[in-house]
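Now, the feature entries from TrEMBL:
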type     : residues  : note
REGION   : B:1-20    : region 'Disordered'
TRANSMEM : B:32-49   : transmembrane segment
TRANSMEM : B:77-97   : transmembrane segment
TRANSMEM : B:104-124 : transmembrane segment
TRANSMEM : B:130-152 : transmembrane segment
TRANSMEM : B:159-181 : transmembrane segment
TRANSMEM : B:187-208 : transmembrane segment
TRANSMEM : B:215-238 : transmembrane segment
TRANSMEM : B:268-289 : transmembrane segment
TRANSMEM : B:320-337 : transmembrane segment
TRANSMEM : B:349-366 : transmembrane segment
TRANSMEM : B:373-393 : transmembrane segment
TRANSMEM : B:399-417 : transmembrane segment
Amino acid sequence: MKLELRGITKRFGALVANDHIDLTVEAGEIHALLGENGAGKSTLMNVLYGLYQADGGEILLDDEVQHFAGPGDAMKAGIGMVHQHFMLIPVFTVAENVMLGHESTKAGGVLDLATARTKVREISDRFGFDVDPDALVEELPVGVQQRVEIIKALSRDARVLVFDEPTAVLTPQETDELMSIMRQLKESGTSIVFITHKLREVREVADRITVIRLGKVVGEASPTATNEELATLMVGRAVDLTVDKAPAKAGKPALVVQNLTVLDPLGNIVVDDVSFSVAEGEILAIAGVQGNGQTELTEALLGLQPRVLGEVSLDGKAIRGHSVRKILDVGVGFIPEDRTEDGLVGEFTIAENLMLDRADGAPFVRFGNIQRGALEDFAREKVAEFDVRTQGIDEPVRRLSGGNQQKVVLARELSRDLRLFVAAQPTRGVDVGSIEFIHKRIVATRDAGTPVIVVSTELDEVTALADNIMVMYRGRIVGIVPGDTPRSVLGLMMAGASGGSENPTAPTGEGAAA
Amino acid sequence: MSTVAPVSRPTEPHQPPPGPAVGLIRNWKTPVALGVFSILAFVLLVVFGREGVSTMRLSTASDVIQLPDVHLPTRETGIVITILLFAITAVSFWLVVQRRKTPIWLISIFAVLALVGFLVWAAADATIPVPGLLFGSLSLAVPLIFGALGGVISERVGVVNVAIEGQLLAGAFTSALVASITGQPLLGLLAAMVAGMLVSFVLAAFSIKYFVDQVIVGVVLNVLVTGLTGFLFSQLLAPNAATLNAPPRFERIDIPILSEIPILGPVLFRQTLIVYLMYIAIAAVYIGIFHTRWGLRLRAVGEHPQAADTVGINVNSTRFWNVSLAGAIAGLGGAYFTLGSVGAFGKEMTAGAGFIALAAVIFGRWDPIRATLAALLFGFASNLQNVLSIIGSPVPSEFMLMLPYLVTIFAVAGLVGQSRGPAASGKPYIKS
């Protein structure tokens, strides 16, 4: 089916998220929609899917104008969507999720699960998905959950399939499998819109590329374009995709973790007996697909996890079981992976957020009173130093862009004397310009002799920053390998295969933008 | 057609994540709790043991099959039960040492034994009418069960229903008034459903349409209904009690054969229409929620409203109508107060039943059957107090009055553990 968007405009208050966007996707074509976070890609697709009503423009399917009042209409017209955050009910089975919204019933309104199961099996077999219709969705790996989303769309005879950032949660191997699924779908005549900000994937699978920046189409590109060309188009200026860093001058081990085990509230092991150390002046990157224990590991280091066994010592002093306050006082800096949830208070000003961790004494608090003058001087200095783009230090942090919010967190954490710096997903949801800046500061912190841990699910970021890479899978360490280990090896390790056995042959990092 | 073989996947795709780390951190809560109760039993049943013979009457006079009374020597029974309780405690300790969990059936046996021990102790030289005890328990549980069913539906669809109390009270008042005027208890029943639904409309409108905090709306509604019915009662019903507050009550209907089952027959099948409706409601809600399209959509909306929205389900209207339905069901429970048991409306006659029903929802883990069982437990605790004060037990009645609430607190706080409610319950769905 041919999809055409003409002059789609969508405003949120004063913000124009989509500004007269034109897009044509031919039948049986994989059309990539490339743009930075916040460029308006997802908004556009939500308009297409009927979740948002456009303020202007029209949607055409096979040259017929469509009016979608809601997702139900869009689905009836043949549009399917694989959402970035899966739209699956975790406590339902695969079959229940697939049938939801267009259930077939037997007498008396009783659900006809048998039909749904058959449907799941049929589609699953057609594409070699290997999905059990009776499995609970929450117990499935994310890669399989994504296939459930695809099955869900196909079970409604979707002929235009939108993939919204589908690879964000996948291992490199799962990503490769997804690519071949997309090609297979294309061969069977499905049109595909592939939304992403990852250049490598676009060039691999797309037939055509449309680049969006700040809500506008800024150009089309062919898959033969280089990474630099695409990145320049996407960001609007030339981008340096590599991180300059000198070889590490690693000192003595500073953070030593031995036999660390973390349990979740239900008593499940989420971090399983891990041991490693980080030396002064070294960046250890923890790689792995989201949800393999990285979050809990970093939280355990910070004292944020209640059920922890094993030993953690920093500069020879045991810190496990200490309160967060004590651990911060020892000199641990922390960028949490979800800055809006754990890193900042959205309604507080930039200045207030900058002193969040030092609210109990000098220099910002004296005799229980906040020292406005000292705080404002400090805030102005940090805003300048960390290049936070803002109207002023009294602006609420929630009004900043993701990149600038992250710079505020970074500024706060790096403004103390650190003995250890832990950065979890430091560039998630951050624009390319800010990524460059954040990466430089992380490397500078390392060069000052501080041990650094970077947790990232983005292989590009891992290979760009790491001196050593530790790969986690299902709570265990698969292996700790040098920073120049090829992506293919890392990819296998992220899927659980232990590293080191293969000969490094491919050159390091393909240098795509994170 | 080519298939996408999961070539590079080194492990089975469906292998579950690392299982529960049983015993890595030993959990001593269960054996310690059992130990404390065993010691309490020892103090009560043995140290302060009473002499005499306790009698349990198992049949009522009208039964076809008459079971003989059971006579138990009070002190000796107490000693035997105490020994058994300590034995179970020891087993529980041993299981934890072995890094295993104490099975739930063992805890259940412990609870039943402790209860029997207490009853025998309280009934020294007296007689406990077991069918009467159970019958009264069910009677007290009926409004709780209706309220809990309403709560389950409402919470499953994503709206916390603190207003059960208000729905019960509105149902009680309206059914008394309408049945008195029309002389038709059935019309009273219908009116109760409408009244409960009206209360729900307010809850639904404010929480779904205007995103007001659901707990606050619920609490305010309870206060509003209490005030409104209280006002109307004293101004309208009390002066005209004979015409406006004398509803005809439902007659008891004995179900042939079933009502002759020993012990349980008279309890379950010599009841009024409302109770039989309740049996149907429990089954209907259970089957409806877990086996029909209605239930699938309802649960989807309560778990992940956005996902439901993306498959074309109208989240807010699903919520609105199901919260209304929940109100109608809770209203039926209110009608039982006036048309089923008391026979007239009294000011604040629900006396917190709505909140106990809310506790039953949570204790029952948002499952209609489990919530029913929880409501029965609370009903039993309430009626135990009635029966014991009638037979003249040595326990102060003030203490016994606390019992149902103590059971509620312990049940909800201690035994629920890590139960997980509907993920989106209490959160308004705001489309961005």
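Keep in mind that glycine also has a Cβ here, set from the backbone N, Cα and C atoms.
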Test the contact criterion for the transmembrane segment (B:130-152) and the transmembrane segment (B:104-124): 3 or more CB pairs under 8 Å, pairs 6 or more apart in sequence, then answer yes or no. no
Range from B:77-97, B:104-124, B:320-337, B:349-366, B:373-393 with the greatest count of C-beta pairs under 8 A to the transmembrane segment (B:159-181): B:320-337
Positions whose Cβ lies under 8 angstroms from the transmembrane segment (B:104-124), at least six residues beyond its ends: 30, 34, 37, 41, 44-45, 49-56, 72, 74, 77-78, 81-82, 84-85, 88-89, 91-92, 388, 391, 393-395
Best-contacting stretch, by C-beta pairs under 8 Å, relative to the transmembrane segment (B:187-208) and drawn from B:215-238, B:320-337, B:373-393: B:320-337
Distant-in-sequence neighbours of the transmembrane segment (B:373-393), which means Cβ under 8 A and at least six residues beyond its ends: 122-123, 126-129, 132-134, 136-142, 144-145, 147-148, 356-357, 359-361, 363-364, 400-401, 403-404, 406-408, 411
